[in-house]
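Student: Here it is: the structure, laid out below.
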Amino acid sequence: MPSIGPIPTIPDEGSRGSSATAAPRRAMASYRDTTLGGRAEGVAFSAVEDSYTSSVSLARMLYGGDLEEWVRHTRPGVSLEIQSRAPVRFPPPNNPSSRRVTVVRAPMGSGKTTALLKWLGEALDAPDISALVVSCRRSFTRTLAKRFNDAELPGFATYFTSTDYTMAGEPFRRLLVQIESLHRVDDNLLNNYDILVLDEVMSTIGQLYSPTMVHLNKVDALLTRLLKTCPRVIAMDATANAQLVDFLASARGERSVHVIINSFAAPGFSQRDGTLLRTLGTDVLRAALGFVLVDDENGTKVMETDSRPISARLREVNSAGFFGRLMDRLVAGRNVCVFSSTVSFSEIVARFCSQFTDSILVLNSLRPSEDVAFWGGVRVLIYTTVVTVGLSFDTAHFHSMFAYVKPMSHGPDMVSVYQSLGRVRELIHNELLVYVDSSGARAEPIFTPMLLNHVVSRQGGWPAEFSQVTDALCCQFKARCGPAYRTASTRGLALFVRFKYKHFFERCTLASVGDSINILYTLLESNQMRVAIEGCQFPLTAAGFCDFLQDLRLDAYAARKEIKQLRGPGGIAATPTEVFENDDVAVFIQKYLRPGVAHDEILALLVELNSPIVREQFVNVAVLGACLRLPAALESPEVFAGVYKHYASGVVPVISDAGALESVSITPDVNVLARWDLYKSCTRHARDLAWDPSRGGSGLDMSEDFITNTLSADYNRFQSLLVEIAKCNVTPLEMLAAGAVRGVTTALSGRPKSRVPLSKGEHAVSLFKVLWEDVFGAKLAKSTQTFPGGVRVKNLRKDEIVALLESVNVNHSECKTHRELYALLMCNRKLFAGPRYKLRAPKWSRNLCFLELDNTGTCKTPLDAALADLAPSAWPQVYGAVDFDAL
């Protein structure tokens, strides 16, 4: 573990002395009194509020590990039932003493849905009793419908069987609906349901934050109303937490709420042993696929084909790591299932496994789905998060499970990973082997881990300095989340605003591989699984955990280049005729692109737009260009909203991973005012830098001081907006300026020891980089030119040399000729020696209709049409302008 040095004595609050831990202690004190808005905003505070500011217990609290203690201390009027050693049992529905609302927290495989079916069978004892079941996903709705049918629960319809958009009348009095279609249920029905069921309730609420949630305001209002008024409510989840119970107790009264906490887990989970692996083993992968690394003439490692038999190739590699262990089990004739958090890796694993068996089933977004009943017919099952809640394979067919998890800013989050790992209920050898790829974690120093592993803490193994620093970081994160979504745009959203902290936590912690591991560790243990780290003896120590993170980081970065080379080339199956005669493509070209873009460039763009991240950034660049062309958008929130919704709504054509042309719906962010706030500053940046994607990016070089000054006016606001818009939690400069904080956070990031404080300039450059990269896809690159500007030294004109000399206050009055000025400039070249940066535009943005050009006009017409319905009063009034609204 990187040494943090001796832990000094912490001075009393009144002391003027300094210490390595003074900064984190001051930060803790600074953030201690900042809350998420109190109970009025729905954050469940226990009697000991430190759960939100404890780096050890935060994950456990957010996933309901402290629910029993919290109910006893904070909501004593809520009835509490503790169950263990047996599957979930519901109170009889017809018992007069039964409460109106029942919340069930129980692990996967504890019989929650089975108990629900039994309860509904008794509760629906009369044909006039109605019920609404709200699920988180379409696939889960189908699974529930099948189970309801198998249980012979009569009269249930599903929303996808409705022939009309609005579901109304007797056929839908018993209905299963996915939350995103809740607005399609007729109000008369919604006001009269007798029973509301939310299976996987936390995932259902989490769906409110999905970019596919088109009717957020209406769905939020309807679900809130149902939770407050429906006569009987059943809410179940393995991670049901205090926030949920607190909301229901506030809405219905404590005496109406009954909480069941069941700790039983089926043997398929409770006897499962999980191991976090240190290495991926790309040497085994490379050998199996028939490649070998050789040195080229420059000494660089390159991959070449190895034509030897596979047995000869594999004899030369060490069968360790993820692929080595997978190979051993396949060679031994065992059946394995493999979870991959990315589609591309699932395809690589399929190619690897095909060297040992032909009996392989791959379930991802590129391939057709397959009924769970057929899983038992293959030796190897490979799946992604397309297989999630609702699907269960209960047969003891697979011997072992492997999991590849790559935390990335766009997900999947660790709860989704955990849910996918639970789809195979029985493993013959009860073996789960997990490799967490850290190459997708954020490398910028302004992103820091904030969680400590609870197992190390259980053994008393974390130094006090680690706890103080990470607790302060948790306080900072809590304070950062508090003001989010408090604008007129989000007014009226009850559940969306109330559960925001958990959403931010799950997204922001994806920046850190250590945080992601600690969350997954917590979730697996909550399901009664035993988890260990390869190479770490019991008890797990702080040094052992940090060494593991360092090994993991080094292995992942070494493997990343090889994985990229081994990835199969993609192709475009759609023909040019099919693409360019498509109506959605025609509308897209007119709406977003400048005239005359070549067909091959458009095809390349559609391939890039298959990425959800690129789609978001593409829209953001389009909006930025519109704000530069239409300054009124920066003066009026109504005009900006019109511009933003024009570009962020509708459909975008993409070329999928399979090469097919598809149309993807896009939905504007609900928090338009926060985006307006951000764009006002970013438009100023773009104007000052002469940033134009069609010309490759910025027209000027930037020094560290220039970037610092550019951000200074809105520095803190940028950090807050990045949480709301990009789901990035930037650690503030005042914390990273402390050597102790730097020492702890580098150790928890698996990086070499560094107690060197981050300077103001370094923090500003990193913040600027993240802002433009995450929101607009731009890259901040160091300039290699001797002098600022885009002109080579030998091509500098006289006036350009004068401008350079004056920029560093060099007197040039004695120099009259170009030769003299040039000589003076070269004599003072050291004044330009500091690092300078260029802001490069992403390649996919270069054909966007960005700035007003002589031949532009196509993208202006649809934008003008979109803004035509704005009231005259929405447009800013300038001096001398006529106020048409007043005429």
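From the backbone N, Cα and C atoms, a Cβ is placed for every residue, glycine too.
The region 'Disordered' annotation in Swiss-Prot covers 1-28. Summarising the annotation, Swiss-Prot assigns domain 'Helicase ATP-binding' to 93-258. Swiss-Prot lists A106, P107, M108, G109, S110, G111, K112, T113 with the feature ATP binding site.
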Student: Which chain neighbours of the ATP site, leaving out A106, P107, M108, G109, S110, G111, K112, T113, have a Cβ atom within 8 Å of the mean position of the site's Cβ atoms?
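Tutor: Here the non-site neighbours turn out to be P87, V88, A238, N262, F264, A265, A266.
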Student: If you count other Cβ atoms within 10 Å of each one's Cβ, which of the binding-site residues S110, T113 has the most?
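Tutor: For the binding-site residues S110, T113, the Cβ with the most other Cβ atoms within 10 Å is S110.
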Student: For P107 (ATP binding site), just count the other CB atoms lying within 10 A of its CB, please.
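Tutor: So the number of other Cβ atoms within 10 Å of P107 (ATP binding site) is 23.
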Student: So if I draw a 10 Å sphere around the Cβ of A106 (ATP binding site), how many other Cβ atoms end up inside it?
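Tutor: Taking every protein chain into account, the count is 24.
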Student: Taking DSSP as the reference, which of helix, strand or coil describes K112 (ATP binding site)?
Tutor: helix
Student: Would you mind ranking the binding-site residues M108, G109, G111, K112 by how many other Cβ atoms sit within 10 Å of each Cβ and giving me the lowest?
Tutor: G111
